[in-house]
Structure formats: structure tokens, C-alpha cells
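Before any comments, here is the structure.
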Amino acid sequence: MEKALQFDVIASCTTSKARTSLMKLPHYTVETPVFMPVGTKGAIKSVLPEQLEDMNCQIILGNTYHLGLRPGVELLKKAKGLHNFMGWKRALLTDSGGFQMVSLLHMAEINEQGVSFESPYDGTKSLLTPEKSIQIQNAIGADIIMQLDDVVPTTSKDDERMEEATHRTTRWLDRCLSAHERPTEQNIFPIVQGGLIENLRKLSANLHLERKVNGYAIGGLVGGEDKKDFWKMVILSTNLLPCDKPKYVMGVGFAVDLVICCALGADMFDCVFPTRTARFGCALISSGQISLRHKKFRMDFGPIEKNCSCSTCKTYTRAYIHQIVSIEAVSCTLLSIHNLHYQMQLMKGIRESIKVDKFPEFVQEFMTNIYPDKSYPQWCLDALQSVNIELK
């Protein structure tokens, strides 16, 4: 393999910016658009690697910060990387640890050198620098690795801090690229930052375009901002980034968001949502989601969703899952398998519709199922209209 990523667009929607591609990585060739389940600490909660393969999951995500603490670099090296350690044969992507600046902000101190964290395990302090992040990710061995970025919540009103973080992210990118020891086996993706400030987003993207990389991420979103601001930053970024490389919108997992971001030209997504909501007894279905904790399912002997081909729906009823949900650990497995299967089938449907140039029709059917009374959120209408899709 001449380089660690080969990206070929195989079909594009003639109406919107949606496209489907083959992304050839060292461990697997991934069809995009693709949703990546999150296995923060090297495991998808309640689901085995072979179960992920059975639902045709192509690529999963791990987290550098947590894996760097446990099991640590030395063990990962001895195990010959995370693929071998966890028994996963397909593609892997690792986040750099930048998101923990937001999620663990109360335990972090940020400066030009890096991020000083207090361990959530034993309280010891450690410094995560761009170089250290790449060192850990080189040991993990993921196909795609993320630069360490300076992440500021989109809800922040401190424009000066946002500008500082945008410039620092590019400086840290250069340090990550310099520290990278496996460029023929692993791909560093820069992360476009800038919050909700249009000029900073443009600046970040343009600076990153000056570096030689195989793909790009759009970060710093899905942090509580209004959806009308979210979609505008996504399309701004996809318009600026090159068409011959993958575009990854970080942290997106709600079905409506996935469909709209595909229409806006994005290729890759990740989120803990499908498995996290499963642990609360919620199942994803074509009309939205249902809570199987509700007593109305006590005598419902149908599957979670009619015509669903997942192993849970083939075998178990809503009534059974209602009986064990939030009580027996196996309920998390059953619902997680169903929810991840739902996400995989959704992305497959998107890909197949693009191949036959029927993506606008797919979007219409999908949105009608979610909003049967056609009370579409205004942000959805606006986002889709921006790429020439008019909902009826």
C-alpha cells in the first residue's frame, strides 16, 4: 500500500452534497458514509467484536486519553496494538484526548505545552502533549488517528479564548505530524475548530489545508449549540475541505443529524448515543425511539421493530426486554445490538440510495417516518434546502 488511506468516491447525489465512497485502510476497506460505534476503553459496552462483525460494523473508535492510562503504552506495545489486544480485525479510529478538555474540564489545565489531567482512576496528574498523544496512538495502532486539539465548548461566549484555541490547534497539529512515527500505517486527521465563529472556522480549515494529510475532521460541535448553528458550521466546513478526501463530523449519532450531515457532504460520524441510550432501556426504531421500561410493553409480544433483522428482534419480544430492562445486564446487550444494527442499516440505506441517485427520496421517506404529521424542525428544512432538498 503506497499510503495508509485511499479514498475513492463511487457515486454522488446529483441534488445534494451526499456521496458514497470506498476508504481503503490498512485493516479494512470502509464504505462511507459510515457510523462508528464508540469503544472508549477498547470495548463497545455490552457488545463483543464478533457481534459487531455480524452486523457489518466496519470501523470503531477508541479513546487515546483513557487507553493511555489503562492499559497503557507498554502493555499495548507488548500486545502488538489494540486490534490484537481486543480481537478486532477491522478498522479502528482513535480520538486524541482533546474532547476530555471539555468532558473532564474540572480535572484539566490547558496551556501551550499540552493538557494536564488528574486521573479519574487514582488522582495522579499526567501531562498530555501533542507528542504524547501521538506516541500513545502509535502504540494503539489505529488506522486513523486524531491530532490533539484545543477544544472549547461551542456554548462559550469567550471569543478571545476561541481564537486562541483555533490557532493553538494548528500549532499542535504541526507537533503531532512531527511526532508521528508510523505515517505509512496510520493516518493523522487534522481537526477543524473555531466554534460557531465563521471566520475562525474558515481560518482553521485553510490552515489545515496547507498540511499534507489524508483526511479531515470537523470538531468542536455537538456541545449544546442550537441546531441552526450546528448545521451551518458543518456545511461551511464541508464546502472548504477537498472533495477527494474523507470528512469526519465528530460526535454525531442521532439519526436525523446523520441523514442531514450526509446531505451536507460529510462521510464519517461517531457517538456513544446508541449504546448509552440502550443502557437506559431505549430502542431506536424507524419512527424515532421507544422506552421499553414503559408498562405499555408488558404484554407486547412483537419484536422491537417489525422487519428488523438483528439477532435481538429475531429472538426476543418487547415484553421480555421490558421484564429485564435495567435489571439484568443482558438487557443492555440486547438493546445495544439492536440499536447499533439500526445505525448500520440506516447508513447502508443512505449509501444504497446514493448509488442509484435516490437520496432525496430516501431523505423524504426517512423524515416522514420520524415526523408523520410533517412538523419538521425548521433547522432541518433550512439545512436540506441549502442542498436543494425540499421536504413535502
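Heads up, the Cβ atoms here are built off N, Cα and C, so glycines get one too.
Taking TrEMBL as the reference, the stretch among 15-19, 50-54, 70-74, 275-279 described by the feature region 'RNA binding' is residues 275-279. Segment annotation: TrEMBL labels region 'RNA binding' over residues 251-257 (candidates 6-12, 251-257, 265-271). It is 24 Å from the Cα atom of Cys313 (Zn(2+) binding site) to that of Asp270 (active site, nucleophile). Residues Pro303, Ile304, Glu305, Ser309, Ser311, Thr312, Lys314, Ile337, His341, Tyr342 surround the recorded Zn(2+) site, their Cβ atoms falling within 8 Å of the Cβ centroid of Cys308, Cys310, Cys313, His338, which are themselves excluded.
In the predicted model, the region 'RNA binding' (251-257) has a mean pLDDT of 98. The number of other Cβ atoms within 10 Å of the Cβ belonging to His338 (Zn(2+) binding site), over all protein chains shown, comes to 25.
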